[in-house]
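Undergrad: Mind looking over this structure? Questions follow.
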Amino acid sequence: MTLDAVPSPLPSATAAAVTELARLAAQSDDVNPLSEQTLLHLDGEHHGDLHVLAYAGEPGTLDVAGLATTPGDLVGYAALGPDGSAELVVAPAARRQGTGTALLRTLIDHGGDKLRVWAHGRLPGADELAALFDLKVTRELYFLRRTSAPLPEITWPDNVDVRAFVPGQDDAAWLKVNAAAFASHPEQGAWTQADLTDRFHQDWFDPEGFFLAVDRTTGEVAGFHWTKIEHNEGEVYVVGVSPTHQGSGLGKALTLQGLHHLQETRSLDAITLYVDGTNTPARRLYESLGFTTTALDVQYAL
Ligand SMILES: CC(=O)SCCNC(=O)CCNC(=O)[C@H](O)C(C)(C)COP(=O)(O)OP(=O)(O)OC[C@H]1O[C@@H](n2cnc3c(N)ncnc32)[C@H](O)[C@@H]1OP(=O)(O)O
Ligand SMILES: N[C@@H](CS)C(=O)N[C@H]1[C@@H](O[C@@H]2[C@H](O)[C@H](O)[C@@H](O)[C@H](O)[C@H]2O)O[C@H](CO)[C@@H](O)[C@@H]1O
């Protein structure tokens, strides 16, 4: 087995091989091993990203001019972002041969104390692999689901109006309220225009499902609910309320706005969401609206 750590951008054939490897793993494990952000960053140049590729070939099969080993020999992959967030996956047919250990060791070598590596679904072996390097669970991300059921009517706080997000017009205002609402979040609050634009180009992006609440007095965006539809399921993708407007019922109203849209306008039976285990306000909100926890992702760190 040969490891190669390469900075972004990946050759397109290699990116395609990683996507296929992730698909095979998801089919076998019933859990996606790579998150949306990692999959989005397989294409194009993303400063600070590192891709770790594990090939079936023996050492020496890589030459200085490029990859003598074909992407078809790919048996494992790991991604490391500039913030230390990381993921790794080994092809189902290549497991228990030390590839995961080699990938994680490389992530530690490059990520150091900043490393925060995901185990989506906390599948068998993840805890054992982490323990080899004294990595501990430092974060729990809950996956919640709600099946179609009557929804309460929406009660809007005074002095706000709700409308759809307009790409190119509302970008800066959304980035500002997202940064404020998620100031203490490990990833969400740091989203940039590039992260927003990446998502404009996804098949699932639908401004009609992206709701903004605008303060009538200031004209500022006070909160938002961005919904997503993939594989015929709705998602409460991100809900955020400006700290100055929290506690006024706006989060519940915006959440319900999106749930009505997904369940009634888009006729979807199932709606899911991700929420951090430490996020008590959000968890109470969603549980009050009929969501229940059905899966768990964890992150390990030194
Ligand atoms: C799928 C996701 O997007 S998960 C991420 C959710 N977003 C965030 O965490 C960003 C930062 N937080 C926020 O923006 C807000 O705190 C939100 C969106 C979680 C809640 O928005 P708010 O406008 O404050 O909520 P709202 O006033 O509508 O309260 C609705 C319910 O949430 C719960 N809740 C809200 N704040 C709190 C709190 N501080 N403590 C406990 N429960 C709370 C309660 O169940 C409340 O209902 P109740 O007032 O009848 O008890
Ligand atoms: N509710 C949001 C905003 S805070 C949240 O917690 N997002 C997580 C979540 O994102 C999901 C993930 O990227 C999935 O791959 C994608 O299919 C979903 O649509 C996303 O909601 O998990 C991420 C880690 O995998 C995490 O970084 C996000 O903050």
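Each residue's number is its place along the chain shown, starting with 1.
The backbone N, Cα and C atoms fix where each Cβ goes, and this holds for glycine too.
Checked TrEMBL, it gives:
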- Leu88, Val89, Val90, Arg96, Gln97, Gly98, Thr99, Gly100, Thr101: acetyl-CoA 1 binding site (BINDING)
- 239-241, 246-252, 279-284: acetyl-CoA 2 binding site (BINDING)
- 8-140: domain 'N-acetyltransferase' (DOMAIN)
- 160-302: domain 'N-acetyltransferase' (DOMAIN)
Undergrad: List, in sequence order, the residues of the same chain other than Leu88, Val89, Val90, Arg96, Gln97, Gly98, Thr99, Gly100, Thr101 whose Cβ lies within 8 Å of the centroid of the Cβ atoms of the recorded acetyl-CoA 1 site.
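TA: Close Cβ neighbours, site residues excluded: Ala54, Val75, Gly76, Ala94, Arg95, Ala102, Leu103, Leu129.
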Undergrad: For Asn279 (acetyl-CoA 2 binding site), which DSSP three-state class applies?
TA: coil
Undergrad: Within the domain 'N-acetyltransferase' (160-302) only, compute the mean pLDDT.
TA: 98
Undergrad: Among Val241, Gly247, Gly249, Gly251, Arg283, these being the binding-site residues, pick the one whose CA is nearest to that of Gln97 (acetyl-CoA 1 binding site).
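TA: Going through Val241, Gly247, Gly249, Gly251, Arg283 one by one, the Cα closest to that of Gln97 (acetyl-CoA 1 binding site) is Arg283.
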Undergrad: Among Leu88, Val89, Val90, Arg96, Gln97, Gly98, Thr99, Gly100, Thr101, listed as contacts of acetyl-CoA 1, what is the widest Cα spread in Å, to the nearest whole number?
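TA: Greatest Cα separation within the listed binding residues comes to 15 Å.
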Undergrad: What does the structure give for the C-alpha distance between Gly249 (acetyl-CoA 2 binding site) and Leu88 (acetyl-CoA 1 binding site)? Integer Å is fine.
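TA: Per the Cα atoms, Gly249 (acetyl-CoA 2 binding site) and Leu88 (acetyl-CoA 1 binding site) stand 40 Å apart.
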Undergrad: Can you tell me how many other Cβ atoms are located within 10 Å of the Cβ belonging to Val90 (acetyl-CoA 1 binding site)?
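TA: Total other Cβ atoms inside 10 Å, all chains included: 25.
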Undergrad: Roughly how many Å lie between the Cα atoms of Thr99 (acetyl-CoA 1 binding site) and Val241 (acetyl-CoA 2 binding site), rounded to a whole value?
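TA: Between the Cα atoms of Thr99 (acetyl-CoA 1 binding site) and Val241 (acetyl-CoA 2 binding site), the distance comes to 43 Å.
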Undergrad: Counting only residues 6+ away in sequence within the same chain, which have a CB under 8 Å from the CB of Val239 (acetyl-CoA 2 binding site)?
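TA: The answer is Gly223, Phe224, His225, Trp226, Gly251, Leu254, Thr255, Gly258, Ala282.
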Undergrad: Counting distance between Cα atoms, which of the binding-site residues Leu88, Val90, Thr101 is nearest Val241 (acetyl-CoA 2 binding site)?
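TA: Smallest Cα separation from Val241 (acetyl-CoA 2 binding site) among Leu88, Val90, Thr101: Leu88.
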Undergrad: Rounded to an integer, what is the Cα-Cα distance in Å between Pro281 (acetyl-CoA 2 binding site) and Thr101 (acetyl-CoA 1 binding site)?
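TA: Checking the Cα atoms of Pro281 (acetyl-CoA 2 binding site) and Thr101 (acetyl-CoA 1 binding site) gives a distance of 37 Å.
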